[in-house]
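What Swiss-Prot says about this one:
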TOPO_DOM  1-6  topological domain 'Cytoplasmic'
TRANSMEM  7-29  transmembrane segment
TOPO_DOM  30-43  topological domain 'Periplasmic'
TRANSMEM  44-66  transmembrane segment
TOPO_DOM  67-78  topological domain 'Cytoplasmic'
TRANSMEM  79-98  transmembrane segment
TOPO_DOM  99-112  topological domain 'Periplasmic'
TRANSMEM  113-135  transmembrane segment
TOPO_DOM  136-157  topological domain 'Cytoplasmic'
Amino acid sequence: MKKILEAILAINLAVLSCIVFINIILRYGFQTSILSVDELSRYLFVWLTFIGAIVAFMDNAHVQVTFLVEKLSPAWQRRVALVTHSLILFICGALAWGATLKTIQDWSDYSPILGLPIGLMYAACLPTSLVIAFFELRHLYQLITRSNSLTSPPQGA
């Protein structure tokens, strides 16, 4: 799954870079531009960000503040990990719910140039929150079933 997401990110970034570069050349070199590039780049950037968040989560690359947790005993580290993963799971659920509502609400509104549904931008949040929630459920399961687990399992493992 990670390789597929990385390939999607690479294609997205390549398309985004090319269309913006071409539009810059056209705008400053020939005093014209492709109007749809601005809208398309917004959509691509939003999806790039949310798919990138999934890959970063799988790589355990998100910012973590661990200096306090590392000073705790293994039993307390496990308790804090349970609370942390539970909170992340709750936030993913809230994010998925809100993204679904906003996507449905704005699906009938269309962008002025491309005519794409505005809800398509909000829809990018849904797969991100669901995939991260899946990993969090797995982490919670591993923490609960491992009686001698000292620390939280790796994020993307």
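Yeah, the Cβs are placed from backbone N, Cα and C, and that goes for glycine too.
As the structure is a computational prediction, the values presented were derived from the model and not from experiment.
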Best-contacting stretch, by C-beta pairs under 8 Å, relative to the transmembrane segment (79-98) and drawn from 7-29, 44-66, 113-135: 113-135
Long-range Cβ neighbours of the transmembrane segment (113-135) (under 8 Å; 6 or more residues past either end): 35-36, 38-40, 42-43, 46-47, 49-51, 53-54, 57-58, 88-89, 92-93, 95-96, 98-100, 102-107, 155-156
Within-chain partners of the topological domain 'Periplasmic' (30-43) [C-beta distance under 8 Å, separation at least 6 from its ends]: 16, 19-20, 22-23, 111-114, 116, 120-121
Beyond the flanks of the topological domain 'Periplasmic' (99-112) by 6 or more, those residues with Cβ under 8 Å of it: 39, 118-120, 122-123, 125-126, 129
Same-chain residue ranges lying at least 6 outside the topological domain 'Cytoplasmic' (1-6) that approach it to Cβ under 8 Å: 51, 54-55, 58, 156
Secondary structure composition of the topological domain 'Periplasmic' (99-112) [DSSP: H/G/I, E/B, coil]: 8 helix, 1 strand, 5 coil
PLDDT averaged over every residue in the topological domain 'Periplasmic' (99-112): 95
